[in-house]
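Undergrad: I'd like to ask you about the structure that follows.
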2 protein chains.
Amino acid sequence: MWILAEDAFDPAQQHHKETIFTIGNGYLATRGAFEEGYPNDRRATFIHGVFDDAPIVVTELANAPDWLAMQVLLDGEKFSLATGTILAYRRELDMQNGILRREVRWRSPQGRVVTIRFTRFASLADEHLLALRCEIVPEFDGQIEVRAALNGQTDNEGLLHWRLIEQGQLTDGTVFLRTRTRKSGIEVACAMRLHGDTAQTMFWDVENVPTLQQVYPAYAGQPIVVMKFVGIATSRDGNQPLDIAHHHVQTAHNWESALAAQQQAWAREWERCHVEINGDDEADLAVRFSIFQLLIAAPRHDHRVNIGAKTLSGFGYRGHAFWDTEIFMLPLFIYTSPEIARNLLDYRYVTLPAARAKARAAGYEGAWYAWESADTGEEVTPTWVPDFHDKKKLARVWTGDLAIHISADVAYAVQQYWQATGDNAWYIERGAEIVLDTAKFFAARAEWLAERGCYGYTDVIGPDEYHDHVNNNAYTNLLAQWNIRTGLETLAWLEQHAPQKAAELRQQLDLTPERLQHWQTVAEKMCISLRPNGLIEQFDGFFALKDVNLADYEPRTKSMHEIFGIEGANEYQAIKQPDVLMLQFLLREQYSDSQIRVNYDYYTPRTDHTYGSSLGPPIQAIVACQMGDVAEAYEHFIRAARADLRDVRGNAGDGIHAASAGGVWQAVVFGFGGLRIHPDGTWEVHPRLPSYWRWLTYRFTLRGQTHTVTCYPDGSYTIG
Amino acid sequence: MWILAEDAFDPAQQHHKETIFTIGNGYLATRGAFEEGYPNDRRATFIHGVFDDAPIVVTELANAPDWLAMQVLLDGEKFSLATGTILAYRRELDMQNGILRREVRWRSPQGRVVTIRFTRFASLADEHLLALRCEIVPEFDGQIEVRAALNGQTDNEGLLHWRLIEQGQLTDGTVFLRTRTRKSGIEVACAMRLHGDTAQTMFWDVENVPTLQQVYPAYAGQPIVVMKFVGIATSRDGNQPLDIAHHHVQTAHNWESALAAQQQAWAREWERCHVEINGDDEADLAVRFSIFQLLIAAPRHDHRVNIGAKTLSGFGYRGHAFWDTEIFMLPLFIYTSPEIARNLLDYRYVTLPAARAKARAAGYEGAWYAWESADTGEEVTPTWVPDFHDKKKLARVWTGDLAIHISADVAYAVQQYWQATGDNAWYIERGAEIVLDTAKFFAARAEWLAERGCYGYTDVIGPDEYHDHVNNNAYTNLLAQWNIRTGLETLAWLEQHAPQKAAELRQQLDLTPERLQHWQTVAEKMCISLRPNGLIEQFDGFFALKDVNLADYEPRTKSMHEIFGIEGANEYQAIKQPDVLMLQFLLREQYSDSQIRVNYDYYTPRTDHTYGSSLGPPIQAIVACQMGDVAEAYEHFIRAARADLRDVRGNAGDGIHAASAGGVWQAVVFGFGGLRIHPDGTWEVHPRLPSYWRWLTYRFTLRGQTHTVTCYPDGSYTIG
């Protein structure tokens, strides 16, 4: 299933649909808003790394100049779906080729009928090139006017980030716009050219909206074709972004060749991450959609950026990256496109100085990554946000202060990348330093809890954000333990395989024998609260909290957080997402099936699967598969699969749930597909397919070898 | 001195100059930014009552569509002071006629020379009409292009308040723009027409920036004249604002007649508030400038709006009104234009429901006015603002919670208006209710302080905002006492002169004999901390605070608040503005000259005159005059006079210091001019002029009689 389509336009769903019809090329992405506009649309293009300051929320990706803008007028009547009559409508995202198409047959208020076909793509073959084609077939004789603009007056939900530098028309007819973010001073340059049928063309040099206006004679049944190419570049790409933009738009004089390059680039992309679910079209579409959304958001040539929690597809979380990247999205890249995974991990390497500064400012050694990270890696989690109930009041956000597990999540991804790729060169050069410096942080941050006789972490937030200011969150403690131990192993490995680097890092990070002994002690004596049956307490005192039967609150349309309030949620055992289960999923090798079962049975009914975190369901699905509960696994899986496609949480308009998308791929491959990869690089497959799936095929790459697995509902599988 | 002029353009001062070259007509005001734009200008037009929600700061006047926009191109080269060479420059505000003119002789980068003269005004004769004239005299033969636009993409320091509704060109050639605030849904419609020399005119229908483009042949020495008229109206004015805007622009087909109407309207205005200082041009200009700024901000036909602390001239304080109106600005209007004063007090009458709701929400009866008030009268003081030192942190603002004196300030102004005008009809209909309901609030809010055996107010902020959470602020306690007593007198007066209204209000406000007895008791037993010599303690414990010699901190360029920090300032006797002296100024009849002297001598050296509140210096000047310290009075007066004209506080770019402007007029009339009006309507004059003033003339109206007083440095005076 390559085509995501809609056959009718529903204004009530416009923001949701803008999100899911996003196109992109890893350099930028553009939401699926209409070329001609629609009242209250949230049209947006986000370019990686183009951040600008914003009040309260610190920094955000600035909504770039609008390259789509195109108006069509029929004898002076403006084409708009907000007026006239829609006679036919179809919008479809061709994921195979990264192309968005829309075809509308429309009757104007005064009765002129026209069919308009828009096609757009952001070139994956040339990341500085954007292409838009408009075919107009009038059913009347008269005049067709087309206005194509670059619009520099875009805003982020009312906040304006731009100041015009310069605009105009070059001697070759190219219209350009140069604009700069107000605070961060990043320039974006756009260069526009029109191709297609000849027409009288005027340049309307209106400030911030340079426009080319064309007038065509219209004859019934005779198509008019206008092609708009836009070159785009920023001052992050070079000192003369306009020259870059101009160069790229000059090379694109032919729709067919640009399109062919796009198709080839996408074919290569899909080849690497092939998945097919036969027998379940919805699931098949959903997994391809999830992969597509991550592919268009993944930076290929810029290691100073990361993928935000909402990719580049919406205003939610303002382009900030979370642990969502490392824990949820990265496995797709690690096992299908390792060079993208490496690029994303490089971002954590170049932001190490900011992570060290964050730790230092809090009084610790080592690297404490920002909970929310943008261009510099500094902490950009807002400290205050408007309250749920009274938007005039502010609620304190604690994750930036307390969610220390992020450092271990990053280290975990580094280790996973290394194990999957065997990329020793990168690991020696960059990865090892991340693992060692995060280990150093966790050893420094650990507190000796004398009354319990163990080391632990007080006043933290774990993955389950319904509970803040907790002590000894099992996930945090045990990932920290893993991180410290892995640090020690890393150093030992370096001694053997790269002794010079080992010496360098010992020196640079001051890894004295005493310090390493302390690491050892902390890891050995890490607090963990375990019942005799293997049940892990999520944090100190969790089992003493009021128990809750979430079924009592059904049907509901909001999270338990909203129902209980921020303070109230702390008093109950209701959790936002798997926390202990997440721990067991990541450190799979440490837990027996029966211990996982005990925790699964306890925590599953206490988890807010429906309106808690969108990060929960895919992980829940994987663990359910491992427990053999395929029907229940499917329920969680399909909830994740629908997060954006059906907007089941009502917030898809803010952008793609990127962690969920990554989780969907993981649920298919590691859950139903039963792939289990061991730290030593060996792997096994235990398929657990829903009975009505005819087969599941997936492809992955491990240590340079690509494997294609096809599994069947009876548990059998083939490897190609 | 009618002309405020500059002969050179200094980009470093552009925002300051935009503020002081503001024009307006009481319906709207437009900052003095250039028609053609300039990098980083803060061009803005603010229309009374057009508020829209804003994050954190609650609500603000939305920067209206830009009606000024006009580009001039010389053979394609854009006229801009940011390029080319300025050969001559003059900008002048003609305050007598409410007109801003600019003349620039400029050489383009490619060497074309032109003289351009811009003239603009907002018609005082027709508040929906705006006029701009552009005369271009080329010194070359070639082509002149003019582009005149309505720009709907204006922002408030980066925040966008508008969504386009519709734009286009009407059959008579009028170009229009309809736009609506995003949250409050107020529509603003603009209608533009061009007059002048005939030219080929094109309509560039670019979204949000409809533009008329004209091309003229240029002949050296031959002037080209373009006149742009803009009609403007909002949905607050009627259901069809575009019809209103269109109607008003249609009536303006002739520059000369529009200008003549403007000049007549301004002549009438100045007639009423004539002031002249002969022998001190700076002071003479400053007092006219102060009056001008208040006149252009004073609503004439809309009693649902008030004058913000920065008038309509800048983004500071977001159009919110404070006690600045009643205590600082209103006397000018009460004694020169009582119908404007009444209109402003009507705003407090129509916002009584919000004041009652505020009191009720806090658990009190009566009317507690908002410290910051916008369209509805609800409290719009932000509760948090970015911290001085770390803009990422937030500091709590307490005035909205604690500055209860605002209610007495409003009642005081009501009473002052009534005494000055004898407007019994208004007082019976509206004023009395304000006085009674604020009295009710103060009686309810008063606490019996058993250990001291008196009533008082704990946890308040007085006029001096360096100290918050104080108890028994003398200003607050004694204004409350005055308010309660005046309430009782008001009721007695109503019994006699409007018994039916008295009965109505007794009923409506539940003014039982027991309640009135309580009022009496509270007023009689109001706490006041007084030393035997008559020195009043500003609040409980003030004299025990660390004393401070402000001279030790000179020279300084920031306030003592910034130097000490928010917490630190609470520990010192340094005060932001007169507080006890303010009390004695308002309740002048209750204090002997010698008691004022004692307090003056104590508090004056402890007041941050330079960087404290801009509200302080004019009041300090008046009290100094009363104490006979004319030289010191002049020092304070000229500091107030220069607040905007010379930007002595460095923040004039945010808008006019309106309270200071009102205070400048008061300092001239009540200070140097020595006018003292008694509650019974009698008045006396005790001039105290600086020796180098030749004479001071001022005019005021009392109970329908206009008096012109001319005073001389020797203390003599004549009354005309």
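The backbone N, Cα and C atoms fix where each Cβ goes, and this holds for glycine too.
Residues or ranges marked as domain 'Glycoside hydrolase family 65 N-terminal' in TrEMBL: B:6-236. If you look up TrEMBL, you'll see B:288-666 marked as domain 'Glycoside hydrolase family 65 central catalytic'. Among the features that TrEMBL reports, substrate binding site is placed at B:Trp323, B:Asp324, B:Lys576, B:Gln577. The annotation active site, proton donor is assigned in TrEMBL to B:Glu465. The domain 'Glycoside hydrolase family 65 C-terminal' feature in TrEMBL is assigned to B:679-715.
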Undergrad: Which residues in the same chain, at least 6 apart in sequence, have a Cβ under 8 Å from the Cβ of B:Gln577 (substrate binding site)?
TA: B:Pro463, B:Asp464, B:Glu465, B:Thr607, B:Asp608, B:Gly612, B:Ser613, B:Leu615, B:Gly616, B:Ile619
Undergrad: If you skip the near sequence neighbours and keep only those at least six away, which residues in the chain come within under 8 angstroms of B:Trp323 (substrate binding site), Cβ to Cβ?
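TA: Listed in sequence order, they are B:Trp371, B:His405, B:Ile406, B:Asp409, B:Val410.
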Undergrad: Within 8 Å of the centroid of the Cβ atoms of B:Trp323, B:Asp324, B:Lys576, B:Gln577, which other residues of that chain place their own Cβ, given that this set defines the recorded substrate site?
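TA: Other same-chain residues near the substrate site: B:Phe322, B:Ile327, B:Phe328, B:Pro463, B:Glu465, B:Ser613, B:Leu615, B:Gly616, B:Ala659.
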Undergrad: Using DSSP reduced to three states, classify B:Gln577 (substrate binding site) as helix, strand or coil.
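TA: Looking at the DSSP assignment, B:Gln577 (substrate binding site) belongs to neither helix nor strand, so coil.
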Undergrad: If you average the pLDDT over the domain 'Glycoside hydrolase family 65 C-terminal' (B:679-715), what number do you get?
TA: 96
Undergrad: For the residue listed as 'active site, proton donor', which of the three DSSP-derived states applies: helix, strand, or coil?
TA: coil
Undergrad: Please find, for B:Trp323, B:Asp324, B:Lys576, B:Gln577 as listed binding substrate, the greatest distance between any two Cα atoms, in Å.
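TA: Value for the max Cα separation, rounded to a whole number: 16 Å.
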Undergrad: With DSSP, how much of the domain 'Glycoside hydrolase family 65 C-terminal' (B:679-715) is helix, how much strand and how much coil, in residues?
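TA: So the counts come to 0 helix, 18 strand, 19 coil.
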Undergrad: May I ask which residues of the same chain, at least 6 positions away in sequence, place their Cβ under 8 angstroms from the Cβ of B:Lys576 (substrate binding site)?
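TA: Same-chain residues close to B:Lys576 (substrate binding site) (Cβ under 8 Å, separated by 6 or more) are B:Pro463, B:Asp464, B:Glu465, B:Tyr466, B:Ser559, B:Met560, B:His561, B:Thr607, B:Asp608, B:Gly612, B:Ser613, B:Gly616.
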Undergrad: Find, among the recorded positions listed as B:Asp324, B:Glu465, the one whose Cβ has the highest number of other Cβ atoms within 10 Å in the structure shown.
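TA: Neighbour-count leader: B:Asp324.
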Undergrad: Looking only at DSSP and grouping its letters into three states, which state does B:Asp324 (substrate binding site) belong to?
TA: helix
